[in-house]
Amino acid sequence: MMALDESWYSEIHGKDGSAFSFKIKEKLHEEQTEYQQIAIYQTETFGRLMVIDDCVMLTDRDNFLYHEMMSHPALFTHADPKRVVIIGGGDCGTMKEVLKHPGVEEAWQVEIDQRVTDLSEEYFPELCSANKDPRAHFYFGDGIAWMADQGEAAFDLIIVDSTDPVGPAAGLFTQAFFANCLKALKTGGIMVQQSESPIYHSDLIAGMHRDMKAAGFADTKTLDFPQPVYPSGWWSATMAAKGRDLNNFRETDIANKPFETLYYNLECHHKSLALPEFMKKALAK
Ligand code: SAM
């Protein structure tokens, strides 16, 4: 058995008895902010890597999978999304994808920790390339409190691009937060939230469906996608719709989308909605 020396960074998934390791060239930055510990590394094969509280957030090499799948399926499921809010998402990769949609008139990023965005502008400029778009707005504060303060029917789409459901993000995975999202959405509106690994966290995903329905959402659906650097290499996002179902999406618009993606397309959208047997069982419980 080969042991890894200190030139490797490992995210250890203690409860699941697994780990993912990167060969590191150098540590570029480390700081403890008011909210969390942020570290940035230059890796040998994944470009730059951002870690928050010992959890991998993103790498240059594979972040397109997550950012495209957190945004485009929900944007193309909505009939005509104009006002969008991203809760979390401090690296700005989701904002960049949202603003590729010409119909979006206004997008807000509500991130608790301004240092995540400042460091992303410095170390991940590619992800921040749309930050100067006049439609982009930034608010730094707690997304849970911010959502509670929103008026009724203010948004078409809410994207919750958060850290894992611990620390400042724990309250984003609750029925009370979902109820505030429901209130802030227009009828026909959609929320989509990162929902961890299908294989490691199917109970959490099932709980999100229950809590979203209990909050008053009319329909919920989970989509999945590969994410090599997250625990298990397989990730998910869960959508919830206000006053409509999630059975249809704008297939012709996807086929003719006026922008480039690296992963997302019509076939991948369909594929992402195919639920494996164990997930059907978990959601039926
Ligand atoms: N997709 C990534 C993952 O799962 O590893 C998350 C990327 S993004 C950097 C997550 C962001 O959520 C972090 O910058 C964190 O500060 C932010 N966040 C966590 N809790 C939050 C809250 N209550 N309100 C707003 N932002 C929050």
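Positions of Cβ are set from backbone N, Cα and C atoms, glycine also.
All TrEMBL annotations are machine predictions without curation.
Quick look at what TrEMBL lists:
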ACT_SITE  D161  active site, proton acceptor
BINDING   Q36, E111, D142, G143, P168  S-methyl-5'-thioadenosine binding site
BINDING   H67, D91, D161, S162, T163, D164  spermidine binding site
DOMAIN    6-242  domain 'PABS'
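Shown on the structure are the features that TrEMBL records.
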| residue | record | Cβ contacts under 8 Å, 6 or more apart |
| --- | --- | --- |
| Q36 | S-methyl-5'-thioadenosine binding site | I52, D53, D113, T163, G167, P168 |
| H67 | spermidine binding site | G93, T94, K96, E97, L127 |
| D91 | spermidine binding site | M50, M57, L58, N63, V116, T117, S120, F124, L127, C128 |
| E111 | S-methyl-5'-thioadenosine binding site | G88, G89, G90, T117, F138, Y139, F140, G143 |
| D142 | S-methyl-5'-thioadenosine binding site | I112, P168 |
| S162 | spermidine binding site | I87, G88, G143, A169, L172, Q193, Q194 |
| D164 | spermidine binding site | C55, E196 |
Q: Around the Cβ of the residue listed as 'active site, proton acceptor', how many other Cβ atoms lie within 10 Å? Please give the count over every shown protein chain.
A: 26
Q: Determine, from DSSP, whether the residue listed as 'active site, proton acceptor' sits in helix, strand or coil.
A: strand
Q: Determine the minimum-neighbour residue: among G143, P168, listed as binding-site residues, which Cβ has the fewest other Cβ atoms within 10 angstroms?
A: P168
Q: Look up G143 (S-methyl-5'-thioadenosine binding site) in the DSSP assignment and report helix, strand or coil.
A: helix
Q.
Let's check the environment of T163 (spermidine binding site): how many other CB atoms sit within 10 Å of its CB?
A. 22
(Q) Take the mean position of the Cβ atoms of Q36, E111, D142, G143, P168, the recorded S-methyl-5'-thioadenosine site. Which other residues of that chain put their Cβ within 8 Å of it? (A) Y35, G88, I112, D113, G141, S162, A169
